[in-house]
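**Student:** This is the structure I want to talk about, given as structure tokens.
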Amino acid sequence: MNNGNSAQSPASQSVQVPPGPNSPSFPPSVDSPAPYDPDAPKYFFQEKYAPLNVKGNFLTLCACPKNVELGEWLAHQIVEQYRLLHGMLQVIQEVNGVTGLPICNESTCPTMSAGRLTYTWLVDGRAAKISAPKFINRVEKWIVSKIHDPVMFPTEKVTSTPDTFALHEATNANPGSADANSTGEEWIGKSSGFPQTFYKDCQGIMKQMFRCYAHLYHAHWLNPFWHINKHDILNMCFVHFVTVAKYYKLVSDKEMEPMQPLIDLFIKQQRIPQEALAGGHWGQPSSS
């Protein structure tokens, strides 16, 4: 649970948006998207270009309520995080009436990149570079298939419950520790019918969602998000995502490196609270 003073439920507030950045590397409007430049200025890493129209932080929305089983709660978080990401991806997928192409297309984004890092996709068992729109499309289809898989996200109620003490150990131990995995008999979500691979599957989904966010920032922060004044909404979705990812150890620090300067900025601003860092859920007092 959140013991900090700043962990209020997010609420809208007005912020002063600084003058737009000027750079010949970027197009003047969303009607003329330019090819992705990995060396373009990273304005989104600067505090003056990182507004967030919320008060407090998102810990109150990500911490698991005492009366909710952790597997059920993580499933809810995965669905909610995908809903928010999908809304941001739609911004770059909207087809331009003049060009007939979306902002993120084969020409502007021939690879799924974040800075000089390029993400690959397994094609016939081999890592292959594919365009960002193809990568994002495959990620979205894959996530939707996982969410609608009744084995991974069961909708039927489980009739029997494991021993209370054993369940407590499985849901309150660090998921990467020996205590959580040594016996192989208890795991996060077991009492709600989730498979033994559920937590690892959640990590895989969140990793791919992070890569989509990294591309949105590095390739599309200025065009279109800054130009249409949606950069603050992108920030809000990303802060929420990172809070959940860190609180439940769903995305590694190594994976987050392409966005680390912005994450550090949000931590400094207490938008991402200290309680969420380094697997905050497993550092909380037992509720039993």
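Placed from the backbone N, Cα and C atoms, the Cβ positions cover glycine too.
Just so you know, TrEMBL annotations never went through curation; they're auto-generated.
As annotated by TrEMBL, compositional bias 'Low complexity' applies to 1-17. Annotation comment: TrEMBL describes 1-33 as region 'Disordered'. According to TrEMBL, the compositional bias 'Pro residues' annotation covers 18-27. As annotated by TrEMBL, Zn(2+) binding site applies to CYS104, CYS109, HIS215, HIS220.
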**Student:** Using an 8 Å cut-off from the Cβ centroid of CYS104, CYS109, HIS215, HIS220, can you name the remaining same-chain residues around the Zn(2+) site, in sequence order?
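**Tutor:** Everything else in range on the chain: TYR36, ILE92, ILE103, THR108, ALA132, PRO133, ILE136, LEU216, ALA219.
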**Student:** Of all the binding-site residues given, CYS104, CYS109, which has the fewest Cβ neighbours within 10 Å once its own Cβ is left out?
**Tutor:** CYS109
**Student:** Is HIS215 (Zn(2+) binding site) helix, strand or coil when read with DSSP?
**Tutor:** helix
